[in-house]
C-alpha cells in the first residue's frame, strides 16, 4: 500500500570508493570533511608576506609615522597618521586571519574563529583610541618610562580627579585593549597551527622564501610581545605548540612548511626577548617601572628614556 510504503535508504558506498565532494562525516566534536584527512597545503608565501608587511608598516610603523610627519599636517586635536595606519590594520589583519584559516587543510571550529575575530576587532579598536591619545601626549612631554602619576605633565593637573581619568585611559590602552586584541590573535594562530601536520616527512621542509621571511616575522613578534607586555600569553601559546608537536610526533605526524614557519618564528622570538632582557637587565629606571619577576621593558619606554634624551642632546649642540 502507498501509505505503508517505506522510504528506501541511500545506497551504501562500496568500501574504498571515493566519497562525493562536500560529504560530511559526523565525529565526536561535530562534522568534519572527509577530504580533510591528512591533506597538506603548500607554503602560503602570499599570506605570510602580506602579514609581515602590514605588521611592520601598519603596526610598528604607526607611531614612527606620527613622530616623523610634520605636526602641521595632523594637529594634536585630530587623528594622526598613525591613527589611520591603525584603522587600516584593524581591517586588513582580520581579513588575512580569515584567509589563513580558509587555507588550513583541516576543518577548524568556525564559531570559535568568528568570536575570536570579533573580539580581536573590538580590542584593537579600543587600543586605537587609547594609544592615539597616549602617543600624542609625547609632544607635550609625556614619558613612557614613567607611570601615569609620576609623569611631570600629569602631576600638576587640577583637579586631581583628572589623573584618575588618564589612568583609566591607560587601563583601556595597555590592559583591556591589549587583552582583547592579543588573546584572540594568538588563539587563532594556535588553532591554525593545529592543522599544520602531515604524515609525509618530505613535506616537512621550508622553502627559501619561508627562511627569508622568518627573520622579519620573528622580529615583529618580539616587538609585539615586548611592547604589548604579553609575555605570559606568548609563552603559554609557545608551550602549547611544543606540547602539540610532541603529541603528534607519537602519531607519526610532522609539521608542514607553514607549521614549521610559525613554530621556528616563535623560537627565534624567544631568543630575541632573552637578548633584550639581558641587555637592559641593569637599567635601574626601567627596573622601577617594570618590577616583579617578569622584567621585559617596552621598546617605546626605552626610546623615551634613552633615545629621546640622545636626540635632545644632539639638538642642543
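Even glycines carry a Cβ here, placed using N, Cα and C.
Note that the coordinates shown come from a computational prediction; the quantities given were computed from them, not determined experimentally.
Under the heading compositional bias 'Low complexity', TrEMBL lists 10-21. Under the heading region 'Disordered', TrEMBL lists 1-26. As annotated by TrEMBL, transmembrane segment applies to 47-69, 84-101, 113-130, 181-201, 230-247, 259-281.
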Whether the transmembrane segment (84-101) meets the transmembrane segment (230-247): three or more C-beta pairs under 8 angstroms: no
Contact ranking winner - 47-69, 181-201, 259-281 against the transmembrane segment (113-130), Cβ under 8 Å: 181-201
Tertiary contacts of the transmembrane segment (230-247), as residues 6+ beyond its ends and Cβ separation under 8 Å: 178, 182-183, 186, 189-190, 193-194, 221, 224, 255, 262-263, 266-267, 269-270, 273, 294, 296
Cβ contacts under 8 Å made by the transmembrane segment (259-281) with residues that lie 6+ beyond its boundaries: 43, 48, 189, 192-193, 196-197, 204-206, 210, 213-215, 217-219, 221-222, 225-226, 231, 234-235, 237-238, 241, 245, 295-297, 302
